[in-house]
Every structure is written in C-alpha cells, then in structure tokens.
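Taken from TrEMBL, the feature S-adenosyl-L-methionine binding site covers B:Gly73, B:Glu96, B:Leu97, B:Asn129, B:Ser130, B:Leu149, B:Thr199, B:Glu200, B:Glu201. If you look up TrEMBL, you'll see B:Asp152 marked as active site.
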Amino acid sequence: MEEAEVEVESNRDNVEVAPALIAVHPDQTSVAVAVGPDLRVFDLLSGSAASLVDECGAPFHKDSIRAIRYGPRGKLFVSAGDDKTVKIWSTESWRCVCTVSSEKRVSAVAISEDGCHVCFADKFGVVWVVDVPGSDGHVALGDRKPTPLLSHYCSIIPSLEFSPDGRFIVSADRDFKIRVTNFPKKPLNGAHEIQSFCLAHTEFVSCLAFVCSPECPQGLLVSGSGDSTVRLWDISSGVLLDTCVVAAKAGLLESNGEAEEHSHAVTDLCTTLNGSLIAVAIQSLQGIVLLSCDVSAQTLSVSKVVSILGEAFVPTSLGFCPHEGKLWMVTGVSSLPSCNYPSLARVRVISGIDVEQEPVVVGDDKIPGREKLLETLQGSASVDESAFLAAAEAVKTAMCNLLIKKQYPSDNRESRKKTRNDRKLKN
Amino acid sequence: MPETEVKATISKSTGLPRKRFYRARAHSNPLSDSHFPVPISPSQFDYSLHYPQIFTSTDQVDGSRKVQFADIGCGFGGLLISLSTLFPETLMIGMELRDKVTEYVKERILSLRVTNPGQYQNVSVVRTNSMKYIPNYFEKAQLTKMFFLFPDPHFKEKNHRRRVISPFLLDEYAYVLKPALTEKELEADPVVKLLSSATEEGQKVARNGGQTFQAVFRRIVPSDQTS
C-alpha cells in the first residue's frame with residue numbers, strides 16, 4: 001500500500017500510460033528506445049537489432065520503463081521504471097551486468113561522469129546511489145543494494161543530472177524546486193552538502209540539461225517545466241539567469257484566451273553542439289523548438305521552431321548525437337487502453353542542428369539504419385498515424401495526473417473524510 | 001450596545017484569542033498536497049506582511065534584515081512569544097501546518113502588538129509544511145537558530161518518513177543554518193533555559209510531572225568545503 005502516492009484518484013479508470021523514451025549513444029554506435037516494458041536497441045555499426053541478454057536478477061523489465069540513459073563515456077546503459085528495478089547494461093555486449101532493486105517505482109536515472117556511480121530517483125523523492133566498480137561493464141555484478149543519497153520530501157523527481165565537471169548532482173522535483181547538491185567523494189555515505197536551490201519555476205520541473213562551452217566549462221543549467229518556460233541557471237549560487245516562455249514565443253498559445261490549462265508543459269530538453277542550441281519538446285507541439293543559449297551573455301532566446309509536417313508527431317523524448325549533429329526524437333506510449341496496439345512508437349530524426357545550417361527533418365529512407373532501424377525501434381516499419389493523436393493526449397493526461405497537484409473541491413470534503421477513524425459516527 | 005457575536009473567539013478582558021475556539025487535532029498530515037500559498041523563492045517572502053512596523057512597504061525590503069530564528073512546528077506560539085521579548089532586535093518566524101492553530105498564533109501576536117506597543121513586532125507565523133518548503137522561505141545560511149519543540153518520535157517504521165528530524169531533512173536544515181562559531185556561545189545562550197518552560201507542550205509536561213530532554217546541535221563547517 002503506497003501511502004506516499006497521495007494523488008491517487010478514486011475514479012481512475014484509465015490505465016497509467018508511460019511515454020516512449022529514446023537515448024542515443026554518445027558516438028552514435030547505437031540508439032535505444034523504451035516503450036512500456038520493452039527495451040529496443042539498434043546497433044548502428046552492425047546495422048541490426050542488438051539482442052539483449054539478461055540473466056541478472058529478474059530478466060528484463062516487467063512494467064513500464066520510465067528512464068533510460070547512456071553513460072557519458074558510452075560504456076554503460078541504464079534502464080529503470082515502474083517494476084522497481086534499475087538495470088545496468090554493458091553497451092558492448094548488451095548484457096545486463098547489474099540489477100538493482102528499488103523499494104518504490106523509479107522515475108529518473110543518472111550516471112556519474114566517471115561512470116563509477118549510478119543514481120536513481122524513486123517516486124517518493126529519495127535519490128539512491130549504487131557503485132559500479134569496473135565501470136567498463138565487463139564485470140557482471142549481479143544484484144547490488146543501493147544506498148540513499150539525498151531526498152526531496154515526498155515529491156516525485158522527474159529528472160536527475162550530474163554537472164559536467166562531476167562536482168554536483170542536480171535533482172528537480174514536482175514541487176517546482178531544483179536542488180543542487182555537492183556530489184561527495186564517498187557517495188555511499190550520502191550527499192549532505194546542498195550547494196544551492198534554483199527556485200523560480202511555478203510548476204513541476206520536468207527536465208534538466210547542462211549547457212557547456214569552452215568559455216564555461218562548469219556548465220550552465222537549463223530546466224524545463226510545466227509552467228511552459230525554460231530557464232537558465234548558475235548552479236553554484238542558484239541564481240536565475242534567464243527565462244524563456246517557450247510556448248508563447250513559439251506562437252503556440254491561441255489568441256482566443258481559452259488555452260487549456262497545463263497543455264504546454266515542456267516535456268523534454270536536449271542540449272546540442274557544445275550547448276549553443278537546445279532542443280525543446282512541448283506538449284501539443286508537433287515538432288520541436290530550438291533555443292539558442294548565449295553563454296557569455298547568459299541568455300536564452302528562441303532560434304527556430306522546427307515543425308514535423310505530414311504526421312501528428314509530438315515528441316515524448318529527445319536524444320542528440322554530437323558527432324553527427326543529429327537530433328533523434330521518439331513519440332509513443334505504452335498500452336493505450338482503447339487501442340488495438342499494445343504499444344506505439346515512432347522515431348524521427350532532424351539533421352543539420354547547427355547555428356549555420358538549416359535543420360531538416362530526415363525522411364525515413366535517409367535515416368541512419370533505414371527501415372531495419374525503424375522496424376526494430378518502432379516495432380514495425382510503418383505505423384497507423386491516427387493512433388498518435390490519441391497517444392499524445394494520453395501522455396498529456398498521464399503527466400498531469402502524475403505531476404500536477406490535485407485540487408480537491410471543498411464541497412464534498414466532509415464526505416471524503418468519512419473513512420477517518422475520528423470522524424466515524426459512533427452509534 | 002449588545003454584542004451580536006455568537007462566539008467571542010477573542011477574550012474581551014485580555015484581548016487574547018481563546019484557545020477553545022482554535023482547538024485542532026494534534027497531527028496534520030505532512031505528506032498531503034495541501035494548497036496554501038508558498039513563496040516561490042526566499043526573495044518573494046513578504047516581509048511587510050509579517051513585520052508591518054519594521055518593513056512599512058514591500059519596496060523597503062533591502063535584504064539587510066532577515067529572519068534569523070525559525071520555530072518549526074510552533075504550535076500555539078509559546079516559545080515565539082517568549083523569544084520575542086528576549087531578542088527584540090531579531091526577526092523570527094513560526095511555522096505550523098495546522099491552519100486553526102496558525103490562526104490562533106496570528107491572533108495572539110496581533111493582540112499582543114496592540115496591548116504592548118512597540119513590542120512583538122519582530123515575531124510572526126506562517127502556515128506551511130516546513131518539511132517540504134523550508135528552502136522557499138530561507139536562503140542559504142540565513143538562520144542562526146532553529147527550534148524543534150518537540151519532534152514526534154513516530155515509533156512505527158511505516159511512520160518514520162513523517163519524522164521532522166531525519167537524515168534527509170537535516171541536509172535542508174544544515175543548508176539554511178549558518179555554521180556556528182564556538183561552543184562557548186551555546187553555554188551562555190539564554191535561549192536554552194526557555195526550552196523546557198516556554199512552550200504549552202513543555203508546560204503541560206511539567207504540570208504532569210514529566211521530564212523534558214534538551215538536545216542542542218550546531219551546524220558545523222564542512223571539512224572539505226569547496227569554494
């Protein structure tokens with residue numbers, strides 16, 4: 001009985017759906033997509049699907065995967081989710097080298113810069129750490145027990161990031177807060193020194209990324225939130241440097257004033273190309289917004305809006321490959337209840353993410369890996385487009401239910417308290 | 001002119017609120033998602049609302065005077081009232097989760113300000129969940145003292161997460177507390193004597209012949225502090 005999940009509704013008749021996720025290897029040797037419990041990896045070097053081997057703990061994920069990530073050096077890959085397990089894979093052999101059990105469902109993962117520690121956040125707001133010795137992934141580690149690192153009291157953490165210099169771990173939560181904590185030399189004893197809090201968002205903070213450039217090696221933090229803004233921060237002091245109201249700037253808000261509440265949440269962020277461009281995915285936007293970050297002036301501005309024409313494609317997750325300058329996007333959802341399909345995923349690529357070039361949405365025939373990649377990652381080479389609008393709606397509802405505080409009307413408050421022991425009428 | 005009030009929640013003789021109209025259960029759920037206003041960041045905390053005589057308009061908050069004492073779970077405000085006259089130059093605030101009790105403390109402070117002109121201007125109360133929102137109210141190393149009178153032990157393992165003193169929350173308390181300088185200061189501090197006698201809870205325990213146990217901790221400077 002998870003008492004911590006106080007946002008459980010009494011009339012929840014829709015199944016909790018999970019958005020599709022994508023991650024790209026830093027050298028673009030492989031691309032991974034997670035839809036529901038399925039983890040699909042395509043090896044671009046061999047041009048075929050990677051076969052995952054999991055003899056570690058309970059094999060494969062039994063419930064929706066909520067976070068996937070490649071390590072900064074590309075040797076490790078982590079997947080975690082609602083089945084309360086975190087699986088660490090070697091990217092060379094695609095064997096699961098380690099399975100970590102969590103007490104609660106996992107909502108975010110991060111791998112330290114040196115690849116020695118994997119951190120994950122559970123739905124109650126606790127961030128756990130597990131050490132991964134022999135971080136090249138060759139040693140099978142079996143099951144490992146995590147230790148608690150830090151906690152956001154009773155708040156879901158949708159995003160976890162290490163700073164590029166490895167000094168800090170940044171955690172963002174549903175209560176609009178971003179916490180920057182010093183990552184200690186012995187993380188297994190906990191991270192107790194908070195460096196700063198980055199406070200200004202007025203809704204849940206859904207995604208974090210770091211912009212680094214030669215002139216700013218420690219990096220500037222970029223955060224996206226349910227309040228439709230992307231903000232730029234200096235993490236050592238917690239100072240807000242700039243705010244970009246992306247939905248308005250991208251011309252998304254309707255002029256009729258009847259804008260749906262919470263319909264333009266920023267769902268994912270991805271820094272590209274030495275950080276000077278940031279790709280932003282917004283709920284209801286069929287495409288992405290490219291923001292440019294001026295590191296010396298410490299400002300953000302909208303550079304371009306790239307629309308995906310010809311199909312209803314609202315990206316649920318983004319991944320960037322720095323070597324090739326390509327932005328990978330996926331849209332999809334696990335198990336739509338009213339739909340025939342068990343899960344949906346569609347992968348698209350935008351190339352030319354560069355300040356000088358024009359971004360171009362790559363056609364299916366020109367995508368690296370071509371049809372084989374699409375078949376592996378999507379589950380089929382072509383997908384029925386009409387299902388995607390329903391998928392986008394389902395993801396939006398699920399995100400709202402999860403991350404937005406419920407407003408309980410005051411009129412039936414007394415009837416809701418009927419089950420309380422001190423309110424029961426004594427006859 | 002006859003009083004038309006059905007319940008005189010404020011006593012006519014002392015001007016102070018009457019506790020019986022502000023009774024509340026001892027526990028309020030800290031895990032629930034209550035909807036009370038919380039400042040987005042410490043710079044948004046409205047000093048002129050809480051300390052009107054000191055900060056006469058919102059423009060005047062220049063940042064030189066900030067809240068230094070915080071009473072976490074202040075209850076009916078006994079400690080705050082005693083601290084206010086003991087440290088008249090220090091700004092202090094109480095944080096309480098239960099709304100009725102917070103109302104009581106607000107009324108108490110307001111009536112004390114009226115009956116004692118010039119005094120009690122440095123104390124206020126806010127209804128909030130301090131386990132979730134402390135960083136929203138206080139900047140790094142802003143507070144010099146934090147009071148927890150008295151943390152509920154929550155013996156059952158399933159309730160351990162409701163404890164106001166926990167290793168995780170200590171990280172946040174350490175963040176808002178200034179590192180203490182010397183141990184000698186602790187011994188000379190007049191506050192320590194108040195800990196067992198100033199709060200309503202402490203007085204009740206004394207009345208029933210029980211014991212109060214003090215624990216004082218100071219925030220140390222981290223040994224490997226980077227910049």
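Glycine too: its Cβ is placed from the backbone N, Cα and C atoms.
Less than 8 angstroms from the CB of B:Glu201 (S-adenosyl-L-methionine binding site) sit B:Gly75, B:Gly78, B:Leu149, B:Phe150, each of them six or more residues away in the same chain.
Distance from the CA of B:Thr199 (S-adenosyl-L-methionine binding site) to the CA of B:Asp152 (active site) is 15 Å.
Sequence-distant contacts (6 or more apart, same chain, Cβ under 8 Å) of B:Gly73 (S-adenosyl-L-methionine binding site) comprise B:Met95, B:Glu96, B:Leu97, B:Ser130, B:Phe148, B:Leu149, B:Pro151, B:Val164. Residues within less than 8 Å, Cβ to Cβ, of B:Thr199 (S-adenosyl-L-methionine binding site) and separated from it by at least 6 positions along the same chain comprise B:Gly75, B:Gly78, B:Leu79, B:Leu149, B:Phe150. Overall, the recorded S-adenosyl-L-methionine-binding residues B:Gly73, B:Glu96, B:Leu97, B:Asn129, B:Ser130, B:Leu149, B:Thr199, B:Glu200, B:Glu201 cover a maximum inter-Cα distance of 21 Å. By a simple count of nearby Cβ atoms, those within 10 Å, the most crowded of the recorded positions B:Leu97, B:Ser130, B:Asp152 is B:Ser130. Taken residue by residue with DSSP, B:Ser130 (S-adenosyl-L-methionine binding site) is part of a helix.
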